[in-house]
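If you check TrEMBL, you get these features:
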type: BINDING; residues: A:Leu23, A:Ser24, A:Gly25, A:Gly26, A:Leu27, A:Asp28, A:Ser29, A:Ala30, A:Thr31, A:Leu32, A:Leu33; note: ATP binding site
type: BINDING; residues: A:Cys210, A:Cys220, A:Cys223, A:Cys226; note: Zn(2+) binding site
There are 2 protein chains.
Amino acid sequence: MDVLQQFANFAPKKKGDPAVLLLSGGLDSATLLALMKALGYTPYALSVRYGQRHSSELDAAVNIAKIFGAHRHEIIDLDLRRFGGSALTDSLIDVPTNGQANPHPELEGEIPVTYVPARNTVLLSCALSWMEALGGKDIFFGANAVDYSGYPDCRPAYVKAFEAMANLATRIGVEEHSIRVHAPIIDLHKSEIIQLGVALGVDYAKTVSCYQANAAGQACGVCESCRLRKLGFSEAGMIDPTIYQDNSGA
Amino acid sequence: MDVLQQFANFAPKKKGDPAVLLLSGGLDSATLLALMKALGYTPYALSVRYGQRHSSELDAAVNIAKIFGAHRHEIIDLDLRRFGGSALTDSLIDVPTNGQANPHPELEGEIPVTYVPARNTVLLSCALSWMEALGGKDIFFGANAVDYSGYPDCRPAYVKAFEAMANLATRIGVEEHSIRVHAPIIDLHKSEIIQLGVALGVDYAKTVSCYQANAAGQACGVCESCRLRKLGFSEAGMIDPTIYQDNSGA
């Protein structure tokens, strides 16, 4: 498939190699699952119930793992709410919405209140544990540093530093220095991710990106994540299949 | 206190600074908690119930956190047994004991079967999340690379790599490059750790190191961890206060 040529660097060393994917249920990681399959990996999908408000994302993850044929899907519990400090896990902090000033400016600075402290490091560490137990060497991570929210743990330098650490942390890493943390969409615009996914057959109606989706998985249409997603479909010139809540004004 | 002079590099920037400690309930992390208090930190102790067989370690952690005045102690659940691959979490793999050949040589290589895949990376990541939520900059980690079991994630190069990653992963790290992952006992012999702890007033009878302690916290006396601990007391010229099981042959 032509679309795969630009992802040759992310191909498995050997067809069928196991690789662990952090699967959130959102648009980016669903696209990655389709990409991993197309590249020839045996994908192991990992979702973490870390106390996020938007747990309908996890329902979406279950569906996506089935639809796209993850070899196995694990959902593990790790309650990051115990530590507090984010609008995504702390019910005392409001999720900021379109046109609404951040209700907690003291928490903002350049990084938004929806940032969960060290979340991606925790998630990647769990993926690393599973990868090592499987005897694998590859992790897929749907970080994006273009149309993103300014989280520090979504940038290429961070991913490289995690990979370097992983190669010192693990049996295989120490022996072979062969662990790779792949972030194939880190430099893509949301519209390019959507175009890639559509070429690979992803049905984005099955994904949930919204920070405060309702129990049915319907999106609010106004949070940062919804806004980035909408803009992506618009810029890709594609119809947005997202199901919005009636009262979203979307 | 004279004994603190050699740990001047690990002192807080400001007296009372919060710092997160990974507290297992074993000898090493108990010593660190006493050291943190003596250096002037406000210690936050974090234990993780990751599916270890030796859960009496966690009972010991609760006692130690109280006795040594941790400002707060959190025990979080993260079931690494779901991933398998270690004698410490996988009930199908036996813990090797003194004089007994490893019953699963195919899992051994140079790293023992008691290694839990990427465990320290997972634990340190959780500590990092809490540290960031607290607005802190310091993590204490009881790794030891001298009298240890050959785990890759106990070596100084690994700790440095984790620290470098943490400074790219987090708000404070990105702004100040000020996160420190302290491993003050990494170069000490077990006997030196014990001498340090005794100087700081640690009662080692309250700690549990055994990989397969019973529900009362009594040690088997024959696993790798018990052997290292015994040797430590012997080399320190101190009485071993560990309570061994009647049938341990100890």
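Placed from the backbone N, Cα and C atoms, the Cβ positions cover glycine too.
Please treat TrEMBL annotations as automatic predictions, because they have not gone through curation.
Here the features listed in TrEMBL are painted onto the structure.
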residue	record	Cβ within 10 Å
A:Leu23	ATP binding site	32
A:Gly25	ATP binding site	26
A:Leu27	ATP binding site	28
A:Ser29	ATP binding site	25
A:Thr31	ATP binding site	26
A:Leu33	ATP binding site	27
A:Cys210	Zn(2+) binding site	28
A:Cys220	Zn(2+) binding site	22
A:Cys223	Zn(2+) binding site	24
A:Cys226	Zn(2+) binding site	23
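Cα of A:Leu27 (ATP binding site) to Cα of A:Cys226 (Zn(2+) binding site): a span of 11 Å. The secondary structure of A:Leu33 (ATP binding site), as reduced to three states from DSSP, is helical. Distance noted between the C-alpha atoms of A:Leu23 (ATP binding site) and A:Cys226 (Zn(2+) binding site) is 18 Å. A:Leu33 (ATP binding site) and A:Cys220 (Zn(2+) binding site) have their C-alpha atoms 25 Å apart, to the nearest angstrom. Apart from A:Leu23, A:Ser24, A:Gly25, A:Gly26, A:Leu27, A:Asp28, A:Ser29, A:Ala30, A:Thr31, A:Leu32, A:Leu33, the ATP site neighbourhood in this chain, defined by C-beta within 8 angstroms of the site C-beta centre, holds A:Ala61, A:Ile64, A:Gly142, A:Thr207.
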